[in-house]
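Features of the protein shown, as given by TrEMBL:
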type	residues	note
DOMAIN	21-210	domain 'Ribosomal RNA methyltransferase FtsJ'
BINDING	GLY53, TRP55, ASP87, ASP103, ASP127	S-adenosyl-L-methionine binding site
ACT_SITE	LYS167	active site, proton acceptor
Amino acid sequence: MGKVSKDKRDIYYRQAKEDGYRARSAYKLLQLDEEFHFFKYVTKVVDLCAAPGSWSQVCCEKLAKNANHPVCKEYEMDKEIKIVAVDLQPIAPYPPVITIQGDITEESTATKIIEAAEGKVDLVICDGAPDVTGLHAFDEFLQSQLVLSALNITTIILKEGGHFVAKIFRAKNIQLLQTQMEMFFKKVEVAKPKSSRQSSSESFIVCMDYTPIPDYVPTLKNPMFLSDYDKEITKLTGINRKIVPFLACGDTSGWDSDKTNKLPELKKPGLLYDPLEVFNSPKYMPRNPVEAPINPNYSTSILLKKGDRLEKVELPKSDVYKNILTKIKLQVGQLDPVRSSSSLSNPTSVDVLTELFD
């Protein structure tokens, strides 16, 4: 789409250029802060998935105001101002923002952030999203995993009492994601700023007042994706290794649900038998279901099959397949179409293909 048509369509796109922002997403963060005031008294911020850097620009403006606040000056908090931007892609410099190119799922990145910020931070923001595939359920899953990755690193770098803001996609599992956040934060809200297009499922989860779980040790390791899972899981202790108990229900001496029982039909249909008698004897009569499906989708195909009218698809034996077979023979060096007695006794994959297409 050309620049003129895009400018006409989106007021925030034009306004971002007028105000000097790198992207229109800057207004989303501004409007969220108008509602939740999470920048209040903040001196250290980490912007995850920061490229191209519009949210970092907003952070510079907000923290500059905080530095001039009388409370910050009284406690010399203005000297602690730090803004760290992290992304897999390179970010164009924007002083005084400290840029780090790294993966938020790696512990080395968390270490670099803490070193750059000279300690833990007051606020973590994340406007990241995966490349959209068009498969909505899959895109929503990828986004939720990205948010959880951002939460993982947040538990390492965020001060107690700090805040966390991240982009999410509205989906069926939104309540699950919100519940997961509520385990770490006292207040969790889902909001959609006016600058976010109504046609988009994009929203933002705002988590206030970080409260670590007692005895929880923050870590970026996920044993589920490690090849030596059994070894790594033993290294976790306490709540980090919380295991849901598994119970097997029912009498273990009863029938085996995985066993295949060969039961011949009875010669006298219509008789009722005790189940124990049936399974303890070699006689069994199949019965119709107690309540058959009312209108199943497969009813038409069953009627056609019973009347022997269901079309049978056969593999076409055309010259195309014979040409493919010839090419395979040429590749393996079997140029002679007449097989020897040894090849008959030890058939190869080419022999099998010959049987199919001859």
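Backbone N, Cα and C atoms are what each Cβ position is placed from, and that goes for glycine too.
Owing to the predicted nature of the structure, the values given are computational and were not obtained by experimental measurement.
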_Predicted model, mean pLDDT over the domain 'Ribosomal RNA methyltransferase FtsJ' (21-210)_ = 91
_Residue among binding-site residues ASP87, ASP103, ASP127 with least C-beta crowding, 10 angstrom cut-off_ = ASP103
*Within 10 Å of the Cβ of LYS167 (active site, proton acceptor), how many other Cβ atoms can you find? Include all protein chains, please.*
21
*Can you tell me how far the Cα of ASP103 (S-adenosyl-L-methionine binding site) sits from the Cα of the residue listed as 'active site, proton acceptor', in Å?*
18
*asked:* Please list, in sequence order, the residues in the chain of GLY53 (S-adenosyl-L-methionine binding site) that are at least six apart in sequence and whose C-beta is under 8 Å away from its C-beta.
replied: ARG22, ALA23, ASP47, ALA85, ILE91, ALA92, TYR94, VAL97
